[in-house]
Amino acid sequence: MNLAKINLNLLIALQALLEERNVTRAAQHLHVTQSALSKSLAQLRQLFDDPLLVRVENQLHLTPLAEELKERLDRLLGELEGLLLSSQFDPAQCHHSFTIAIVDYESLAPLSGILERIHRQAPGIHLRLVHFDQHSLDNLNAGKLDLSLSYQGQLPANLHCRVLARIDMVCVMSADHPLADHALDLDGYLAHPHVVNSVERGARINTALAGLGRQRQIRLEVPLYQTALRMLPGSDLLLTIAAPIAERVCAEFGLVSKPLPLALPELHYQMLWHERTHRQTSHRWLRQQLLEALAEPQSLVS
């Protein structure tokens with residue numbers, strides 16, 4: 001195959017087609033007409049001697065070759081962008097959009113100050129913040145997310161990771177809770193009802209308790225930690241959250257914090273991203289800005 005005769009724009013078209021699995025959406029993503037992209041798909045099929053996308057029950061599916069090409073193509077184009085832009089990247093001229101998943105209570109952190117700092121340097125960047133949920137890691141793999149800032153235990157092997165801090169968990173409760181003026185032991189922890197996040201349902205804690213032959217009473221599940229915090233004042237509910245969050249919210253919500261009377265596997269506050277964006281200059285710049293800001297001690301506790 002003569003590389004000099006290959007139009008590199010075809011590879012960009014192929015990346016969009018493999019990502020979207022839909023000609024119309026891929027054309028919209030590339031800002032080209034559907035007919036132009038259909039012509040590119042025909043050329044790609046001839047180039048690779050493979051249909052690449054096949055229709056099954058009104059949906060396009062990737063062929064085995066296309067599945068193999070997808071990951072390699074993401075890496076190749078990321079490296080190519082880094083090669084072309086490494087010496088000339090100017091954040092002030094960047095107009096990329098980034099989607100970042102964050103745990104909901106990060107809205108309580110000084111994230112707005114971090115974002116303001118980014119936008120001062122790169123006013124053309126568009127940031128979309130979404131709630132971290134049970135689909136977020138899959139969405140990172142699928143290219144629907146660019147970054148995740150979240151609390152994780154076991155580190156995913158298929159994603160790049162930067163650990164920002166090791167996190168301890170604590171138990172928070174209303175200032176007038178029966179346990180508020182006493183040291184918290186495991187029996188007390190289990191004697192009162194708990195509120196948990198409906199995404200994770202306190203799985204790490206429940207697993208640790210099961211290993212001791214114990215279990216807790218979960219009275220309430222809510223989708224957001226901020227909602228859970230608002231349920232605590234004046235109630236007998238207990239909530240287990242990350243210690244840096246408790247340090248920020250206890251005074252605001254009229255709560256007290258107690259060390260957790262239970263050993264848990266190590267938990268990390270970390271940034272995750274996919275191989276496809278690992279070498280892309282704009283992504284590297286954004287990650288560095290977030291890393292510098294979030295690695296500052298006050299960013300996690302102030």
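Positions of Cβ are set from backbone N, Cα and C atoms, glycine also.
As recorded in TrEMBL:
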- 6-63: domain 'HTH lysR-type' (DOMAIN)
Counts by DSSP class (helix H/G/I, strand E/B, coil) across the domain 'HTH lysR-type' (6-63): 36 helix, 8 strand, 14 coil
Reported mean pLDDT - the domain 'HTH lysR-type' (6-63): 88
